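Report on one structure; see the data block that follows.
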Amino acid sequence: MGCHVECGVPSSLPISSLFLLAQMYSRSVYGFAYVCTTTMGSEDKIEDELEMTMVCHRPEGLEQLEAQTNFTKRELQVLYRGFKNECPSGVVNEETFKQIYAQFFPHGDASMYAHYLFHAFDTTQTGSVKFEDFVTALSILLRGTVHEKLRWTFNLYDINKDGYINKEEMMDIVKAIYDMMGKYTYPVLREDTPRQHVDVFFQKMDKNKDGIVTLDEFLESCQEDDNIMRSLQLFQNVM
Amino acid sequence: MAAGVAAWLPFARAAAIGWMPVANCPMPLAPADKNKRQDELIVLNVSGRRFQTWRTTLERYPDTLLGSTEKEFFFNEDTKEYFFDRDPEVFRCVLNFYRTGKLHYPRYECISAYDDELAFYGILPEIIGDCCYEEYKDRKRENAERLMDDNDSENNQESMPSLSFRQTMWRAFENPHTSTLALVFYYVTGFFIAVSVITNVVETVPCGTVPGSKELPCGERYSVAFFCLDTACVMIFTVEYLLRLFAAPSRYRFIRSVMSIIDVVAIMPYYIGLVMTNNEDVSGAFVTLRVFRVFRIFKFSRHSQGLRILGYTLKSCASELGFLLFSLTMAIIIFATVMFYAEKGSSASKFTSIPASFWYTIVTMTTLGYGDMVPKTIAGKIFGSICSLSGVLVIALPVPVIVSNFSRIYHQNQRADKRRAQKKARLARIRVAKTGSSNAYLHSKRNGLLNEALELMGTPEEEHMGKTTSLIESQHHHLLHCLEKTTGLSYLVDDPLLSVRTSTIKNHEFIDEQMFEQNCMESSMQNYPSTRSPSLSSHPGLTTTCCSRRSKKTTHLPNSNLPATRLRSMQELSTIHIQGSEQPSLTTSRSSLNLKADDGLRPNCKTSQITTAIISIPTPPALTPEGESRPPPASPGPNTNIPSIASNVVKVSAL
């Protein structure tokens, strides 16, 4: 009778190769599971980190701030409400700062100037601006004496905070200001306009022509210039 | 990051001090803040629910109703609050927009109610936040489709202008329900398709034996009868195809369409058979051609909506089907190879080659299991079982997608039919209501004028004849009366007494038709041009449709719905306003939603006063036209002003 049962060792696929296949499969499964858990674990770690950085900073009391700055309580309230609205965590980091500032200058690129501003606001160089820093700076700018305002501006221009302004720093600042205007201007911005502007500035400010402007030179020159004096008083009644 | 940016404006201006020493020229004067108010809480009373917020919160977006002085129109002196007679639920979303800068769309809200509220408050729906935008757009699209369907069927029901013979024929072919002749044609062709298919089938049935020869199929036994039937069917099909070809609006497109290809394929074999002689070599090919006659059954898809849906589903699921096919092919090749090598060793194995194993794999994966090819080795049996198990999985995966697609399309169609049926009832009810109210209006007008007439004639005792109208109604009627006065047009009234009385009064509205024609001839009487607006002709619906249109579409730019004179008067209004306020009519966000008049009405005090730090958000022109559903209102005019401004001028809502 026809017996189709296979006897003996089949010369087809050996059983050992089956085991090999099974090994490979199990290894891959294990590897896959391992990768899964590690990535998921690291995701948890990332979330933990995020939670840790979600600091919430609360400013000092209203009375203290009122004493330290030249604002009234009401003005401080208004300022804080606006501040907290944009930055619920109570601190502004540079990115947020740049974004907020850029909204006022949609035609151009305000990021560089905002960068310098941020570092001027961030007096303690921590990388974030708290409400106290914010309000202190605003107090100087809006309610401070001429002397204070000029000193603040000097601090702004002095990018590396070494006490002197050199031409490169001034170039950066002036270029940042021109960047805010954007491309479509009349007349069109030429390549050497910032440089010319800086030269004019240095001519005016640098009394001893040594290539850098110190704070005293700066204060003296600005106080001689009527235009600057007048424009510093421009924003007295903001707020 | 839009909320409260206006609150940071003092900071931006203060930071401008940093530019001062660098500047070479004197700075312009700062704007004097005349209305320097301390920030205060204002109360917004919306249909009884009181909301409170800071004034500056609302002023963040000066381009909206709440942010501009427009809200002063809603100020209630007695209670010292702003009263809005609108939906408080939606107002909550609106107010949150001011607070957070993000506009959300609540899912439970009706889309058109929401749109209306947004239009009232002057907020563009395009600024809805990402979280809710998708939902909003989906709902809006659904609504638009619904409206479009309504409009389409409305248009279809209106009496069409006279179509050419060709167009009527095409309409008859496409919609058999339009005329009786079309219906007859539809059923006749259906019958002949059925007959043709049945003859094809019966032709091959063995029909009993002719004595002395083997069993013949019916086709050969009664060949003449079948040939006649076939000829008749083909003639009908040919005539139908030629008629469709003649009536088609675009013949090229018709020829390329699937149905016409099926038609051609169905009738071609017959003609080819006629042409070819009974050549032995060729008749083999001829027999093959007869297979194509079965395609006639596809002609039924014109008659059955379900078939069409099925075809459409398959087309729309093409990618899923493709995936199914591809994965099956992959699996077949893999398993066929494995089985071939597994069974290679066994003697008398049917798995002679890999392609031969394809058959086994397909039969196993689709769980058919004919049993003509069976593995004999142990390895072969193991892989065979894996093959059948995986076959179930691979086939089961894309099937639910196809099924859900089919069900969705099917339900859509069902919904369309249901809506059509409901529409009829709804329109009937609306018509009744309209005629009722317009009759009331005319009635009251008649009474009112009669009263006047009687008063003038000095019969006071019959003054209060028609005092049955309520206060609301009388106010409504007064409104309609004002509209008539404004437009110089009128509603038709067929009261002779009235017409006699009123024809002597100048600029009057109630004019009988005959008197109207008379007055036309007496040009002195008629001040207004005798151009009747189209609205007059559809008279019974005029009253409420006018009002409802006006109230609904007050936020649209005047389009052709309103009569010409009204348009003119509004434009005059708007120009007066624009001359009054000395500012360029530059608006961005709200303009497409408001009447032109409103642009002047909205003196945004901040515009002329901001010099140095200026918030200017260029709205890309793509944003300004509202959603696709609304018919584009006439002017992108105000919006195009923005790109034309070279220097950074003027306002806009701080978005």
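Yeah, the Cβs are placed from backbone N, Cα and C, and that goes for glycine too.
Note that TrEMBL annotation is computational and uncurated.
Straight from TrEMBL, the features:
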type	residues	note
SIGNAL	B:1-16	signal peptide
DOMAIN	B:40-139	domain 'BTB'
TRANSMEM	B:181-202	transmembrane segment
TRANSMEM	B:222-243	transmembrane segment
TRANSMEM	B:255-276	transmembrane segment
TRANSMEM	B:321-342	transmembrane segment
TRANSMEM	B:354-370	transmembrane segment
TRANSMEM	B:382-403	transmembrane segment
COMPBIAS	B:525-548	compositional bias 'Polar residues'
REGION	B:525-565	region 'Disordered'
REGION	B:615-655	region 'Disordered'
COMPBIAS	B:637-647	compositional bias 'Polar residues'
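Counted over residue pairs 6 or more apart, the CB atoms of the transmembrane segment (B:255-276) and the transmembrane segment (B:321-342) come under 8 Å in fewer than three pairs, which marks the two as apart. Across B:181-202, B:222-243, B:382-403, the stretch most heavily in contact with the transmembrane segment (B:321-342), judged by Cβ pairs under 8 Å, is B:382-403.
Predicted-model confidence for the domain 'BTB' (B:40-139) is 88, expressed as mean pLDDT.
Each residue of the domain 'BTB' (B:40-139) gets a DSSP state, and the totals for helix, strand and coil are 47 helix, 20 strand, 33 coil.
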